[in-house]
2 protein chains.
Amino acid sequence: MSLASERASTATAVSPHPFDPIQPAEITLAVRILEAALPGIPLRYKRIDVNEPVKKDVIPYIEAERLRMPLPPKPTRVLYVMFHRLDTGAFLKALLNADTKSPIFIKELPREVQGPLDTDEVTEIEELCNRHPAVLAEIEKLKLPPGVTVCNDPWMYGTDTPDESRRLFQCFMYIVEVDHPQNNHYSLPCKFSPVFDATTMEFVRMDYLPGGADHQTAETSMWKPVKTIQYAHDLLDEPLRTDLKPYIVQQPEGASFSVDGNFVYWQKWRFRVGFNNREGLVLYNVTYDNRNIVYRLAVSEMTVPYADPRAPYHRKQAFDVGDCGFGVAANQLSLGCDCLGHIKYFDGCRTDAKGNPVTLKNVVCMHEQDNGLQHKHSNYRSDAATVVRNRQLVLQMICTVANYEYIFAYIFDQAANIELEVRATGILSTVPFDNENGATVPWGTNVGPGVMAPYHQHMFSLRIDPAIDGFNNTVYYEDSVPMPEDENNPYLVGYTTEQTVIKKSGTANTDVARHRVFKIRNDNVVNPITYKPVSYKLVTVPSQMLLVNPKAFGFKRAEFATKPIWVTQYRDEELYAAGEFTNQSRKADGVETWVQRNDSTENEDVVLWHTFGLTHNPRIEDFPVMPMEKISVMLRPDGFFTKNPALDVPASAQSFNKSTLHPEPVITSSCCSNISAGSKAKLYKRLD
Amino acid sequence: MSLASERASTATAVSPHPFDPIQPAEITLAVRILEAALPGIPLRYKRIDVNEPVKKDVIPYIEAERLRMPLPPKPTRVLYVMFHRLDTGAFLKALLNADTKSPIFIKELPREVQGPLDTDEVTEIEELCNRHPAVLAEIEKLKLPPGVTVCNDPWMYGTDTPDESRRLFQCFMYIVEVDHPQNNHYSLPCKFSPVFDATTMEFVRMDYLPGGADHQTAETSMWKPVKTIQYAHDLLDEPLRTDLKPYIVQQPEGASFSVDGNFVYWQKWRFRVGFNNREGLVLYNVTYDNRNIVYRLAVSEMTVPYADPRAPYHRKQAFDVGDCGFGVAANQLSLGCDCLGHIKYFDGCRTDAKGNPVTLKNVVCMHEQDNGLQHKHSNYRSDAATVVRNRQLVLQMICTVANYEYIFAYIFDQAANIELEVRATGILSTVPFDNENGATVPWGTNVGPGVMAPYHQHMFSLRIDPAIDGFNNTVYYEDSVPMPEDENNPYLVGYTTEQTVIKKSGTANTDVARHRVFKIRNDNVVNPITYKPVSYKLVTVPSQMLLVNPKAFGFKRAEFATKPIWVTQYRDEELYAAGEFTNQSRKADGVETWVQRNDSTENEDVVLWHTFGLTHNPRIEDFPVMPMEKISVMLRPDGFFTKNPALDVPASAQSFNKSTLHPEPVITSSCCSNISAGSKAKLYKRLD
């Protein structure tokens, strides 16, 4: 079938909503458009996705939806393609008009621009490394016992020189002591690390890793056997706990949400579930009780610089959004493992290297959860109480980036709050370290014999494109400060707030000592009771910013992580805090550049970027798999409504909740003889 | 029955564990001992409770329990009584030996010392105020319509003069527009506020409250009718939501915990549930896998200073622990309202003014909850995943302090973390404010017509008496700092940690910019892999400290709230951060005094006090009842174990969790005609 005839035949199909994720047929379409435009040239596809629609074209459409007016035409559907020409090795970007099925542009990118890793490429490098003679020669020197093998994790090659234009991978090598699909090779890191060129598929260099606490390296020598610290249940020495009883969430009438494609309606909230290869889960057009709250919400970037000062670890700085992509790293979830209750899953889609669509099944899950009490008051005179529970709607995505896992959950509640909860789990990135003699390093933690986990930071950028009762908003911060000692404050107890409006694009700091609160308001809509513009506050996570020296590449590449708050005037295509191309970048091309425009940001279409993070100095308890560490950011109405918006949530009642009472043991005051035989036996067993 | 014969007859009854809460019979016993010691003197009881047992006497007992050795004799059971002599009006404190049934001491306290409020007293003052002619005269001037009445909340009288020794109450008055047990009178505050002497029951003075934004007051005049903003469901104008589906937690095999009296065993945790009138819920002797973690854990104090600079609001500074008591304010919980699943309740006990024991039924609830994922890792090569959910054990207490509610939850998990989660909810303390004309104040928020909620702070002190693998511990803090630019840091990416040991009793600050982490270690026990002393970290809540001016009484009375971290050497009787008697105190007699001893706190029996809080500048959404605001502190192992202690928790599996899949709508690509009639109707209804 020719492209022309396909155009005709698909014309009657339902066209996607502007915020819908890419469909398999659109990947096929993009490949056909490119192959028609570049006939006969062998291409290798890295990424095919929807290009973000132009906001000014989308707004009339979604406002018509919200106001139930006749819909205007949909904005142009544009597809974004990153690919290589296999004849020249060039790296290209194309934008394609999916409606007219024709290219908008196809351009070759400069030699120093590297696209993100892709799944096929990582597999190719991994296999290349495993069979390369230089690597096999090192493995030979380990003189491994029978059954013990070596594997590798290819890493992006963090920039350490201004003139590198090869596409490089650093492979970290590990000993595989047990042949098991969940063997924890991170427990046994090797002391050599080859570098490969991913374009030419050539071996570049063998790096040797320090063995001790200094920068010294040595020739590879015989491996001294040491047992892997395993996490998989069937590889543990100790038995599993047997005293955990089932805990089942039942929703006999189903969930309280409704879903129509990627459109969700739950408890006065309406929004669209977006998904792309780079950011993964994105929320669009979030309204509450039919009032606009957020235009677009996503984790726009993330960087993980490591503190180990020694080569080649100074190059360990992953950009998990820009270099990898949370979308392509998202776990395909399964029922009953990652959430409880009544679950709805959403799929995503990516291309493979050949341009075939690959469905990413169940990459987002949605379910309700109970989060304890939302509000309660008892009248102490009458003892009459109003108790309302905090039912929440959770949209969750779990990303595996090699050793590590991030769990992102957007949580909506009935009091008009939106929370982003991030859980860090998975396996620490480890390095070899001869610690049998009691050695320690000041930049890491021994987590097992011969293995150390270096300190590192996880720095996230949450991009908030707000729409507080409209698309022109103002960001400001409010500090709580003592009132001066004067006649208005005769008893010296008074305190008040000071407001600072961010009038021009720029940055701001958090300030715990002043209880600094950031708010987004709509100057055009005044609350009839507070007499102040309607607003939402951003409950920030005040965090330590980037520790890397400003002169280092790691700083220049991730300037977004040097300030907690950035405000820019909205521009299409400005989506990613560290810029479009982060892999092997020399400097960022993101918020740090855009704020310099000195745009007006008062009562304008603004974007608020919040950088927050974890300085993660590993605990030994974080190994071999890490109990989650949780951080949470929230958007919370503050003068947006005229009273608690959850007042109309029905009360918590036993008839609805059906809780059960723990049986009381039957015990006389003198002895235990009256305990029923069963419960006594059980009690004794459990207390022993 | 004489006291002597009672001694004989009760000798065979089971004697309480040293950490058990007071029993009704012990209240009766205390009264009998005091009446025998003070024959013929009429007494009024304020508080009868267990006096904290002497730690050096308790340790051998609980260590023998832990090590399953023969038990030594129990420490002496001592009862604590606060009471008044009605003949002289004197306020007294007694300690009584419950084993020998005899007084240890009975002493009259200085005239300026005021005990906490008690339930009977508050009721008496409330009734006195309601019927007092001076109050009735003011009510008369309001010319209230038929059916509209007035009520009052008696408040403790925050100190504003150094020479007040009367026991005073400030009654805040409200208009009751609707006769309903949950009418929200806080919506309609009156502009007059009488002060009473609670000893003489005399009217002291009528205070008039400012009507506008300045300090001006006026004579009481006719009430201009305005509608109450109600929170109770049957008083709302709007209908309740009808689209919230049931969410039922089922535990068909019961809970995973075992309970024996107040002893609890759950998932390697063992502890005792303590409860007293002052702090309410207390945790004692917390061990994990039979290793000591904490000796005693409780919220030791809390203060709420208000920011409104005008009289008489400058006296609004509640000490909810010392002035009121979380134990006596604890809600008597009911099945299916305050928690879900399989619930165990614990009771408490208090005295009434006459010395009768009053059982406080169900003041603590305990249940398990699911908190999402604890850890997960997928091997990206094999896609094999280990998924472990985060089952938690929650001990919850909900306290109503007049208008406001606090929900305290101690949360244990399977990775050896203990979290204290505090939720603030209930009703804002409001003041009258003529805001119909668009007026606002810089120290509060309009929350309705004629009503304003002043800014305030909630400052909590969590007292941690640690026992990290033993009772001698050291507190230190660790900052993350860039490595210097030298030959050890050639690429400028290195960072490291700096430790500061708190060697002498004193204070420390939190420091987000340095990622300051506080840890408690045992210098006598070294982790065999990290080579560092075993430790737990305290995940603090960096908070704005007290805003009141250091010259004000509100500062001197609550110095604990001026620094986030205090470390003292353990002394018996040093339990409360602001001292034993806070009501109408002129200055504190707590941590700020004890740290001045300059005691050694390195490898000693130490106590760590963490002050954290909320600067609460009310949102209008916090009215008429506040969606909870949550803060959380955590004790988290850090080098205490040799690996993740939750590795042996069974995997999350559908066979155990029994989740259900959201049904997919049957939709053809061209139209919706194939949606089943029912689901289509439902979809349309919900999306409309």
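Using the three backbone atoms N, Cα and C, a Cβ is placed for every residue, glycine included.
Listed in TrEMBL:
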- A:249-647: domain 'Copper amine oxidase catalytic' (DOMAIN)
- A:Asp320: active site, proton acceptor (ACT_SITE)
- A:Tyr404: 2',4',5'-topaquinone (MOD_RES)
- A:Tyr404: active site, schiff-base intermediate with substrate (ACT_SITE)
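Mapped onto three states, the DSSP output places A:Asp320 (active site, proton acceptor) in helix. Within the same chain, residues at least 6 positions away in sequence whose Cβ sits under 8 Å from that of A:Tyr404 (2',4',5'-topaquinone) are A:Val304, A:Ala424, A:Thr425, A:Gly426, A:Ile427, A:Leu428, A:Ser429. On the 0 to 100 pLDDT scale, the domain 'Copper amine oxidase catalytic' (A:249-647) averages 97 in this prediction. Sequence-distant contacts of the residue listed as 'active site, proton acceptor', defined by Cβ-Cβ distance under 8 angstroms and a gap of at least six in the same chain, are A:Met302, A:Thr303, A:Val304, A:Phe326, A:Ala329, A:Cys399, A:Val401, A:Tyr406. According to DSSP, A:Tyr404 (2',4',5'-topaquinone) is assigned to a strand segment.
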